[in-house]
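Student: Attaching a single structure in structure tokens format; questions to follow.
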Amino acid sequence: MDHSTGKPGYFRNVLVRLCLFCVVIVCCRFAYVVTLKGETCDLGDFCFFSLPENLNVISGVGQLAGSVSAVMTTENAGKSAPAKPKLPDLWANKDFQKSAQFYSSVFEDLVAEGFLNPNSKTLCVETPMGADVYALREIGVADSVGIYKKGSKPLVITGKAVKQPFEDDTFDFIFSGAGMIDKSLKPGDFAAEICRTLKPEGFLVVHTGSNDTYSFNSFLHLFNCCTLIKSRNIDGFDSTIREIVMKKDGFVEEKVSDSKNNCRHVPDYKMKLIRKAEPLIKEEPKKPWITLKKNAQSIKYLSSMADISFKQRYVYVDVGSRSYGSSIVSWFKKQYPKQNKTFEIYAVEADKTFHGQYKEKKGVTLLPYAAWVKNETLSFEINQDPGHKDVAKGRGMGRIQPVESSSESASEVDVIQGFDFAEWLMSAVSEKDYVVMKMDVEGTEFDLIPRLIETGAICLIDEVFLECHYNRWQKCCPGERSSKYPNTYSQCLDLFTSLRESGVLVHQWW
């Protein structure tokens with residue numbers, strides 16, 4: 001038998017099988033690259049279809065300007081953690097591409113309007129992936145870098161918005177996108193650092209999700225180093241966002257708040273909020289202790305009508321706080337809508353009986369004095385129920401303008417220190433802060449409120465809960481009025497009305 005004809009067939013079969021095996025390997029690798037690796041692969045891996053280093057993976061956008069060596073580095077930035085996933089995969093990610101395309105269109109508009117140019121030294125603040133930095137470089141702004149708590153080189157280095165690793169007056173242009181300032185726990189520090197690192201005459205552009213007028217004006221107060229250039233609404237990824245463009249003043253000095261000037265003209269946005277508030281009770285209630293308590297249920301809180309995010313601090317001042325559990329715990333901590341903000345609390349209470357309750361209360365500062373119109377020594381009279389077992393609960397409200405003691409009730413008179421409440425308020429808070437005040441001072445409101453208005457300190461308070469004391473009907477005796485307070489309900493109503501007409505969001509309290 002002739003075996004010579006079988007050898008070519010054997011080798012042919014081997015070659016065919018080898019080719020088929022190679023085809024299978026190529027197909028498997030191609031499927032892996034496309035389905036799992038996002039249409040590319042790491043350049044250091046075994047790869048049949050590796051991308052050129054300078055290939056743009058985002059359709060419709062120009063090539064990445066400059067090389068990775070153009071990344072700005074700093075000795076103070078520290079070592080950044082390796083990005084996950086690796087950069088080629090991150091840049092091919094659909095979310096990254098979508099973000100980069102959006103930011104490219106935003107920056108191209110800013111270039112056309114003259115706020116940004118290719119020679120601008122640029123910083124993107126709080127950018128996790130660096131899509132905005134990528135977009136800047138692709139449109140030709142090569143000297144661009146981002147900062148985030150976890151770096152992602154070469155686009156983003158390690159740094160915090162509230163503590164940037166850069167010198168003063170470093171950047172010509174600073175950008176904060178994705179509403180990152182809305183999410184900041186310290187918007188005041190966020191703004192201060194931008195003011196520090198932005199050059200005079202430099203531009204700041206911020207994207208925020210907050211669109212109400214109250215928060216917009218709060219935002220402007222934070223950036224008092226800058227002048228507003230323009231504000232507009234643009235289409236974001238999933239919703240409309242506000243783009244704010246500001247320019248840093250050429251000569252920057254700390255702008256001193258003039259409370260009196262702030263009160264001369266009431267902004268329209270404040271009056272609109274006041275008109276949304278619950279109406280004042282025009283007619284004197286026959287059972288005020290019931291009517292005013294019910295009225296509290298219909299109160300429209302400022303923090304339920306507006307976004308309070310862009311405030312430097314959050315402060316609650318309880319004037320006439322009495323015990324710690326009286327209104328701080330029972331009302332403010334439990335019921336006031338705080339929008340997840342942490343408030344500093346000041347308790348103003350002259351009665352030394354309650355002082356011990358505040359010694360170990362975190363976040364609460366006790367002012368053990370009487371709120372008054374000037375600094376002076378005062379007499380403080382307290383009516384007390386001698387038969388009450390609990391001294392604190394049986395203790396009446398203290399008054400710094402005492403009346404003659406009645407023979408039917410026991411009273412004591414202490415010598416206390418009064419302080420100028422308006423002056424203290426102006427030194428403790430600013431127009432950048434969100435300030436809520438509750439006042440229950442047993443008739444002294446007719447002295448304190450005019451003083452607050454006269455000094456302009458009232459305009460530093462965003463919301464007031466005021467209990468007004470007048471010669472109301474007595475529980476015990478129908479048809480009889482209490483002689484404890486000289487003012488009438490009509491005078492109380494005039495006090496509330498004048499405050500609202502002056503732009504103060506005040507509520508009738510009990």
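A Cβ is built for glycine as well, from the same backbone N, Cα and C atoms used for every other residue.
TrEMBL feature annotations, pasted as is:
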TRANSMEM  14-32  transmembrane segment
DOMAIN    156-206  domain 'Methyltransferase type 11'
DOMAIN    276-374  domain 'DUF7870'
DOMAIN    412-510  domain 'DUF7870'
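Mind running through what each feature is packed against?
Tutor: Across the domain 'Methyltransferase type 11' (156-206), DSSP classifies residues as 15 helix, 20 strand, 16 coil.
Helix, strand and coil residue tallies for the domain 'DUF7870' (276-374), in that order: 34 helix, 18 strand, 47 coil [DSSP].
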Student: How many of the residues that make up the domain 'DUF7870' (412-510) does DSSP mark as helix, as strand and as coil?
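Tutor: So the counts come to 36 helix, 25 strand, 38 coil.
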